[in-house]
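This report refers to the structure that appears directly beneath it.
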Amino acid sequence: MLLLPRCPVIGRIVRSKFRSGLIRNHSPVIFTVSKLSTQRPLLFNSAVNLWNQAQKDITHKKSVEQFSSAPKVKTQVKKTSKAPTLSELKILKDLFRYIWPKGNNKVRIRVLIALGLLISAKILNVQVPFFFKQTIDSMNIAWDDPTVALPAAIGLTILCYGVARFGSVLFGELRNAVFAKVAQNAIRTVSLQTFQHLMKLDLGWHLSRQTGGLTRAMDRGTKGISQVLTAMVFHIIPISFEISVVCGILTYQFGASFAAITFSTMLLYSIFTIKTTAWRTHFRRDANKADNKAASVALDSLINFEAVKYFNNEKYLADKYNGSLMNYRDSQIKVSQSLAFLNSGQNLIFTTALTAMMYMGCTGVIGGNLTVGDLVLINQLVFQLSVPLNFLGSVYRDLKQSLIDMETLFKLRKNEVKIKNAERPLMLPENVPYDITFENVTFGYHPDRKILKNASFTIPAGWKTAIVGSSGSGKSTILKLVFRFYDPESGRILINGRDIKEYDIDALRKVIGVVPQDTPLFNDTIWENVKFGRIDATDEEVITVVEKAQLAPLIKKLPQGFDTIVGERGLMISGGEKQRLAIARVLLKNARIMFFDEATSALDTHTEQALLRTIRDNFTSGSRTSVYIAHRLRTIADADKIIVLDNGRVREEGKHLELLAMPGSLYRELWTIQEDLDHLENELKDQQEL
């Protein structure tokens, strides 16, 4: 429904657009006549909506007609194959490179010292039951026998018992202390390399991932490295060594029967543990997926807090978050239940073996083949074996879980870096303006939807060039391609006559400055956000660019000045202040190519004009190549060159007056609509004054 007011200007504009077929399929809009002064924002915004709809209809008319007349093609949905998993041995092999790094003798010496302390601790630990046996046997004699050993000898045996036990603990703790630096360095190196690899991946990869799940996976992966190293160095290797020594002692001291029971127990215990843990693994994977999903929902909701409040969707997101938590709860219940089954089975196997060995030992004592000290030795050795056996089960479970967590982390490192340097990259010439040329460039974010279609144009060096067109015509895509966030599917992009793929990526991006529509800010101080433009800038340079960007008045009003925290994504400051901060940041970078990606589209007219004056004062023509991506044509009317995009192709090129004089010009149609809206706004101002 569209109610026309008595205002002749409004009626004339709207009726003319209906007659020309420029406005259709519009959303219901209501213009009110009474209380015009209080309804001006509603009226003007409604008019802007009409213009946006008209603009879309003009620029997409041909493509819609072509689509409606084109034969329909059936699309086939490809089944996604299951992502290959990294083998556990491959993960351990990759991790070993950080424990035994090439050329780092200091780390290797630490590993060897830790290994020596480990062996010493276990040898002393095995000696403890022997000293205990000797003490028991020396007490089980007739004290009136003149051949009885002196009490001092017994005391020495007890002293050796204590020294062996304390020495075992001491060497074990020293091993932990020596190896701690090796483990932490490995964790730091893997985490840093993973972070650096992720920063090399293309923008498309990052946009297709949920940040919450990604950060949670990295956090679990780094913790998994610590757990794997702890399991391997502090448990698996010591346990294996101790079990081998104990089995050898039992075989040598008490015969093949004890050895057979020990071997059978170890074999059955290991098989049961491995099989059951493998069965439990998919429960842990399901729990991790649910945990990632819950973290992503929570993070997205908190980041988009304002949007949640705008649409009153707290309950919807709470239900969504609760659903993820319910899935995580169900998976964790299965993990706990399967853990109880595993623990019960392990204890049953060990208790059965211990009972059998104690029965055989008691039979030997009754038959006179073994002493009471031997029985105590068997009991101590078996119980001493039970400790590493119990650890073996729990450690193996933790090891499997950690390997699952590490699998995701290491798979992140396997993602291919698509945007790479040439074998011998070139450096860009310094202190000269750059021209940019697109030669038959075709690109799309999805294979079935091309954004740029065989686009060719030139942005002359030192000129102020504007790129205009409807939403989705490819304006911002041009920036992403020049910056090499993506590479074109076909065609070439040249800077000063050379393909940008020949240039060093860091050098290329160093000469390009960007003032985006939505300024990305860190949850840090104003000072740090400005200095992010060039980390090595001096304090004087930062203050200078802040003054040039007219950000100084704001900073003087703030109680904490430069130390004011801007909040998450800069939510604590206004849109105009964010844009001024972005300009200050780019001024500090001092780039030779400047992109303004609809930098003022979200601002009011007063703030927009102030920012445009700031931009004109600091980015004069001739000194830099500047590219303005804009919807509001008045902001770029003074451009040296205007490129009009339509459905991914270059529709028109020229200066403002040339394009207005061109018959059937799309630019002229868009300009006329905007001028009518501006005239409408002026009429409304006049009526308000009356």
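Note: Cβ is positioned from N, Cα and C throughout, glycine not excepted.
The feature topological domain 'Mitochondrial matrix' is assigned by Swiss-Prot to 27-110 (among others), with experimental evidence given as support.
Under the heading transmembrane segment, Swiss-Prot lists 111-132 (among others). Among residues of the same chain six or more beyond the transmembrane segment (111-132), those with a C-beta under 8 A of the stretch's C-beta atoms are 99-100, 157-158, 160-161, 164-165, 167-172, 174-175, 178-179, 182, 233, 237-238, 241-242, 245-246, 249, 373, 376-377, 380-381, 384.
Taken from Swiss-Prot, the feature domain 'ABC transmembrane type-1' covers 111-401, and the record attributes it to sequence analysis.
Taken from Swiss-Prot, the feature transmembrane segment covers 156-179 (among others), and the record attributes it to sequence analysis.
For 180-228 (among others), the entry in Swiss-Prot reads topological domain 'Mitochondrial matrix', with the evidence type experimental evidence. Helix, strand and coil content of the topological domain 'Mitochondrial matrix' (180-228), in residues and according to DSSP, is 44 helix, 0 strand, 5 coil.
Taken from Swiss-Prot, the feature transmembrane segment applies to 229-252 (among others), supported by sequence analysis.
For the transmembrane segment (254-274), same-chain residues at least 6 beyond its ends with a Cβ under 8 Å from one of its own Cβ atoms are 243, 246-247, 342, 345-346, 349-350, 352-353, 356-357, 360-361, 364, 370, 374, 378, 385, 389, 392-393, 396-397. Sequence annotations record features per position, and here Swiss-Prot assigns transmembrane segment to 254-274 (among others).
Annotation comment: Swiss-Prot describes 275-340 (among others) as topological domain 'Mitochondrial matrix'.
The glutathione binding site annotation in Swiss-Prot covers Arg280, Thr281, His282, Phe283, Arg284, Asn343, Ser344, Gly345, Gln346, Gly393.
Distant neighbours of the transmembrane segment (341-359): 258, 261-262, 264-265, 268-269, 272-273, 276-277, 280, 375, 378-379, 382-383, 386, 389-390, 393, 397; these residues of the same chain sit at least 6 beyond its ends, with a Cβ under 8 Å from one of its Cβ atoms. Taken from Swiss-Prot, the feature transmembrane segment covers 341-359 (among others), and the record attributes it to sequence analysis.
The transmembrane segment annotation in Swiss-Prot covers 375-396 (among others).
Annotation comment: Swiss-Prot describes 397-690 (among others) as topological domain 'Mitochondrial matrix', evidence class experimental evidence.
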Candidate with sparsest Cβ neighbourhood (10 Å radius) among Ser344, Gln346, the listed binding-site residues: Ser344
Count of other CB atoms lying within 10 Å of the CB belonging to Arg284 (glutathione binding site): 20
Surrounding residues of the transmembrane segment (156-179) on its own chain - C-beta under 8 Å, 6+ positions past either end: 110-111, 113-114, 117-118, 120-122, 124-125, 127-128, 131-132, 134-135, 138, 229, 233-234
Largest tally of Cβ atoms lying within 10 Å of a Cβ, found at which of the binding-site residues Arg280, His282: Arg280
Local confidence of the prediction over the topological domain 'Mitochondrial matrix' (397-690), expressed as mean pLDDT: 84
Helix, strand and coil residues within the topological domain 'Mitochondrial matrix' (275-340) as assigned by DSSP: 62 helix, 0 strand, 4 coil
